[in-house]
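> Here's a structure for you.
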Amino acid sequence: PAGLSLNSDGRCAFVKKTPDCNMVDGFIDYLQVAFCLLPPNLTPLTITLCVSLLTIFPHFLSLCSFCPNLSAISTCLHLSHNVAGVTFLALGNGAPDIFSAIAAFSHPNTAGLAVGALFGAGIFVTTVVAGSVALVKPFVVASRPFLRDVSFYMVAVFWTFLMLFRRTTSLGETLGYLSLYVVYVVIVIVSSFIYQRQKRLMLSSSENTSVPGYSHKHTDRQPMKRRNKYQSEYRPLLPSTESTCQILLTSLNPVDSRKWRRKPWSWRVFKVLKTPVEVLLLLCIPVVDPDKEDKNWRRPLNCLHLITAPLVCVLAFQSGVYGDYKIKGEFPLWLLILLLGLFLSAIVFCSTSNDCPPKYHPVFAVLGFMASAVLISAAASEVVSVLHMLGVVLSLSNTVLGLTLLAWGNSIGDCFSDITVAKQGYPQMAISACFGGIIFNMLFGVGLGCLVQMIKTQSDVQFEAEGLLTWILTGALGLSLALSFITIPLSRFHLDRGYGIFLLVFYAAFLLVALLTEFGKIHI
């Protein structure tokens, strides 16, 4: 930017007067911190602080994960595992990417961050993560799910390329873009139904050819009876009688004493550092876990959630814009929410017990989902603001920041989890997570981001393409998908270590070309 050639006072005045430097999203104006509060000789400190914040925020986003609540909602709605997996649980896993994209699309100058992050994460996941899974555990890919996922992802990438090429998109095109994921969900459900039906037919035919007069019913019933007997034998004779205060203190303790003794000192230090954040999240976000016998019902803490969770939603929504809002200019909105929360909390506390969750306990899952979504959205806005400031300080484009720092931060967790799943003997599950999740992230990240901007501006979305780097990013992602779509079927869907090494080399070559383009070594 032109303002970087000025002295410290001139740069500060330039940042304050230039509309493009006005950061409306986020709780902190990081550009004014970098150019007004900190002197120029502390620029390395500014960069260090930026990188530190970028390492903290993605971990904070992971702590806000609302997968248990979404699982509880899907269970309450009696959704099948396939429907829940490609809808609610996909939203839970992809929430950081989606909210980061929505936050980036809220301002035209930072839209390149969303494009760079979504495309960069796509290349990272389909090359580095998939290649690492192949190196750890060579396996045979399930043919039809693989071809389905790669085909839909290529269509999504090509559609996004068309929007970037034309530098605009309309409301109808955005709704069509979002409906592509609906078509994907329908095909997943229909495919699963057909597969289950074929499986049942095969089982029924095998039973018909079994020994005559042999009944499976009696043998199936005996293990169930024996299991129930063992479960009843190992239940405690006397139920635990913790007081309300003990339940509250235990619920707010994020440290498992048994795990603490087993873990190394490095894990303990990291746990101590993140414990304050975990305690604050426990105070603000109710979690309903359908896998637990008591559904994670904690009466005193859940009553407290009726006060804290709505306050968090009001104070953190859109970076605190409603924190100072007053009804008719006199009564603060946050005070009204606080009084309503106190009233509901008193009713729930007096009408429930510590031992048994109430029938309306799933409502707390909805409340936890809303609070988590607001906090993730607020943290994502801070990530975008920090990256925008880092781009100005280092004179880097938003696209290269998105495809490197933001993409790595959002995808590194998926990388480690998929590799761990592959090591445990489930490489097929890991490769399915690679392609299935990024389809949701791209379609909903770009689609919802464009839709939110249209609602704000009441006009079509305009994209500011950042030159050759955007086309290199798009071409590299399309090329990696096309190579996988052609090469893996030719190898009879066997993903071996040789192809894993090829994918890693492909990503290294792409990253080298992208950085050389950013620094002007490659140009047209």
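Every residue, even glycine, has its Cβ placed from backbone N, Cα and C.
If you look up TrEMBL, you'll see 45-71, 83-105, 111-134, 146-165, 177-195, 301-319, 331-350, 362-380, 386-408, 429-455, 467-486, 498-517 marked as transmembrane segment. TrEMBL lists 64-189, 365-515 with the feature domain 'Sodium/calcium exchanger membrane region'.
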> Applying the under-8 angstroms CB criterion, which one of 146-165, 331-350, 386-408, 467-486, 498-517 scores highest with the transmembrane segment (111-134)?
386-408
> Count the Cβ pairs between the transmembrane segment (467-486) and the transmembrane segment (498-517) that lie under 8 angstroms and are 6 or more residues apart in sequence, then report whether there are at least 3.
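Output yes: the transmembrane segment (467-486) sits against the transmembrane segment (498-517).
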> With pairs 6 or more apart in sequence, are the transmembrane segment (362-380) and the transmembrane segment (498-517) linked by at least 3 Cβ pairs under 8 Å?
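Between the transmembrane segment (498-517) and the transmembrane segment (362-380), which are separate recorded stretches, there is no contact, as judged by 3 or more close Cβ pairs.
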